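Notes follow once the structure below has been shown.
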Amino acid sequence: MNLFLAGLDHTTAPVEIREQLAFSQTDLPSALMQLTSSETGTPPLFAEAVILSTCNRVELYGVTNPGTTAQHVVDFLAAFHRRPAASFVHTLYFYQGEAVARHLCATAAGLRSLVLGEAQIQGQVRNAYEAAQRIGSVGSILHRLFQIALVAGKRVRHETTIGKGAASVSQAGVELARRRLGDLRGREVLLIGGGEVSELAAQNLIANGADRLTIVNRTSARAAALAERYGAEMLDFGALPQALARADIVISSTAAPVPIIYRHHVAEAIAHKQRARACGECDPPTMLLIDLAVPRDIAADVAQIPGVHLFTVDDLREVVSHTIELRSAVLEIAQQIVEEQVQEFLSWMRTQEALPVLTMLRQRAEEVRNEELARALRRLHDLSPEQRAVIEGLSRSIVNKLLHLPTRCLREAAAHGQGKRYASILAELFNLEH
């Protein structure tokens, strides 16, 4: 079995492709089950699997079964999402072994994010791991890998300043609006969505002077809670057309699988604004729409409407590109931390080479102990239960003490890349089948 990763991100695939391969929360159970189980009697692709799907990446982490190839994973993606492989295969990257660990640790640390050092990715990595754990697709290898990657993310944020003042996608979206429109005071701002992205956007909008904020979400309770925290107006989702009609800025970040705003919605909103101005010959009103969702919330052809400016997460590069330069001084330290965590994982992986021999050694020792204990007890008569327990405890203690040193030595040798050599020697010395 081998550690394997297939994925695409904001550096290899535009949002038009990322949204086609994104996995929703409702998709994950089915996808993970398909990857790790088989109804045909043939081995599944993965013995273990985790899917990380965010607005900027879709990545499949797995421990492959013998015979699994990259093409098998491509075929799975094509079949699951009902997309021709030719439409996305050129955007995929594939890693194996050590490179998988390095990629995940760097990802959890925010070093592969569109916004360098952003903190949200660590929670997204944790959520992906926990979702797979609930499904039962996480085994010992991915458990260890994701725990070490999360430590890498935590260490980078605590031991470097790379995350100090780091923008989030939400903050970048607000900054884009500020750059395009200037002062946000008096602007009608519509937030669509009730999750973390919307909450961060609300925080940053208020910090940048926005004072006329409306929140719309399918779940009214979440929208109401956000509105109360940030002094915003809350509207039911059914009032979205009316909210659009008065909005100057729209920031949308729902988890909807298809767009929730189409061209006719925005065209009607612009027409309403035009009528309200009572100026038929004036330039069309402007509306700034920032779509932070993947899959996208706003249909692409909305951008064709005069006066409408539509931006997606891919357009945020112009806002955040400077963060790489600003944080390059601490980037090297962060990469060193990532490498330390990678080496810790690799050391643990090497110790796994020793487990089969150690298991056989322990089993052989138990066989001998049980045989000799039974022989001794047959020769001793009239022992009380307490006396028998003492003798049995003595036999266990002797075995444990005798095995402690070779066990420790083999584990240490394995951690330093000598596991196979020492395991072979131990197997020969104790006549173990290896």
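Note: Cβ is positioned from N, Cα and C throughout, glycine not excepted.
Under the heading active site, nucleophile, Swiss-Prot lists Cys55. Using a 10 Å radius centred on the Cβ of Cys55 (active site, nucleophile) and all shown protein chains, the other Cβ atoms total 25. Cys55 (active site, nucleophile) falls within neither a helix nor a strand when secondary structure is assigned with DSSP, and so counts as coil.
In three-state terms derived from DSSP, Ala119 (substrate binding site) belongs to neither a helical nor a strand segment and is classed as coil. Feature annotation from Swiss-Prot assigns substrate binding site to Thr54, Cys55, Asn56, Arg57, Ser113, Glu118, Ala119, Gln120, Gln124.
In the three-state DSSP scheme, Gly193 (NADP(+) binding site) is classed as coil. Here the Cβ of Gly193 (NADP(+) binding site) has 27 other Cβ atoms within 10 Å, regardless of which shown protein chain they belong to. Positions annotated as NADP(+) binding site by Swiss-Prot: Gly193, Gly194, Gly195, Glu196, Val197, Ser198.
Annotation source Swiss-Prot lists site 'Important for activity' at His103, citing sequence analysis. Take the CB of His103 (site 'Important for activity') and look out to 10 A: across all protein chains shown you find 21 other CB atoms. Secondary structure at His103 (site 'Important for activity'), as computed by DSSP, is helix.
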Fewest Cβ neighbours within 10 Å, where candidates are the binding-site residues Ala119, Val197: Ala119
Extent of the substrate binding site in Å [max Cα distance among Thr54, Cys55, Asn56, Arg57, Ser113, Glu118, Ala119, Gln120, Gln124]: 15
Cys55 (active site, nucleophile) versus Gly193 (NADP(+) binding site) - Cα distance in angstrom: 14
Local Cβ density at Thr54 (substrate binding site) - other Cβ atoms counted within 10 Å: 23
Listed binding-site residues (Gln124, Ser198), ranked by Cβ neighbours within 10 Å, top entry: Ser198
Remaining residues near the recorded substrate site, that is with C-beta within 8 Å of the centroid of the site residues Thr54, Cys55, Asn56, Arg57, Ser113, Glu118, Ala119, Gln120, Gln124: Gly110, Leu114, Val115, Ile121, Val169
